[in-house]
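To keep things clear, I will list the structure first and then write my remarks on it.
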């Protein structure tokens, strides 16, 4: 039996997929990072990379449905199966149930071969039997109900705890719409680097590279891909390498705009890495002034520095610090607290986050979020602006944090978000995938009174 995550056949797309699924399942690894490494190992070949992405993301996206069918046919609880075997079965079940363009017998045989590497002889027969029985079954995924929290969790492949949380906060019908939106294909957005080009010029340039794009609904510097004729990875496009754009959802782009940084400002980005908002702030400042980018992990700060180099940003200074113990007071004109969060707003883009149990620990997260906001409040100049943001859909990490903060800090007041369509009844920025066609996000604009 294979006990280490070492590829026996580096050219096998399905073995790459299995390795990624195994690591996401057992170590909470990030699928998008592992996928990038596999793309490189496969020579960045477009067709192979596309299939690998579909296998990994499709299996993760439909995991609850797959587990339900595997449990039904195997008569075994999914967690009682070893991690290699349960992920081989998930990978095979996804192909059998969802990929009509791949012959079912091919999918079954490939998974049997994987079991010969990652299992023992008895498990080979077991995997073969389960998947062949699934092939003979009706498409049970179409028969699943959504009449209860548990049924909705299974039918949309979301953990029960997330569906319960949203149902309490948003209502069951809204939760159904949100879960279904997470399973749709999400659009890809670019942010124009205004230090190097204009929106109209970039639209024309991308057209020559095989991409048809349109302007975003809310920001002139956001572009959405409408049609893609090129198979070239986006980060291999010459316009990307020249630093003309950054891949960033429109909902994220708007957050830096709410901060309203000006040329010459002193800006503090308290939780900077990977740096997309940091460099956008510098772009809005026309590369004049100073942006301090903090992150406790030096390795992640390298991402910020690399991004600055590619985009031609020269006013960012990266510092390895946690954002909780900065000793200076009243010095920053603008502060962004893009707080670590449960990430429940991006479960459509990063489906592996659904299955990361650590994200259930809201108490630990909210304590960190409150501490970051508390420290930031003392660093802001009188009359300065602070934006608190997350990429989650969870009242405990969003509105509760701000309302508790404002109840303690009378020197701050809330500035309503200037976009009525994206503001809730209290003036907070609140984006939902099923309502707005963008990744979920939250932000609050706070200003410190002058005296």
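Any Cβ shown, glycine's included, is placed from N, Cα and C.
Packing around residue 391 (active site, nucleophile) is summarised by its Cβ count: 26 other Cβ atoms lie within 10 angstroms of its Cβ, all protein chains included. The active site, nucleophile annotation in TrEMBL covers 391.
TrEMBL lists 271, 272, 273, 274, 275, 276, 277, 295, 322, 338 with the feature S-adenosyl-L-methionine binding site. Close to residue 275 (S-adenosyl-L-methionine binding site) in the fold, though at least 6 residues off in sequence, lie 293, 303, 304, 307, 308, 316, each with a CB less than 8 Å from its CB.
The domain 'SAM-dependent MTase RsmB/NOP-type' annotation in TrEMBL covers 178-449.
Max Cα-Cα distance over the annotated S-adenosyl-L-methionine binders (271, 272, 273, 274, 275, 276, 277, 295, 322, 338) is 18 Å. Neighbour count (other Cβ atoms within 10 Å of the Cβ, all protein chains): 16 for residue 322 (S-adenosyl-L-methionine binding site).
Summarising the environment of residue 273 (S-adenosyl-L-methionine binding site), the number of other Cβ atoms within 10 Å of its Cβ, over all protein chains shown, is 22.
Geometry remark: residue 277 (S-adenosyl-L-methionine binding site) versus residue 391 (active site, nucleophile), CA distance 13 Å.
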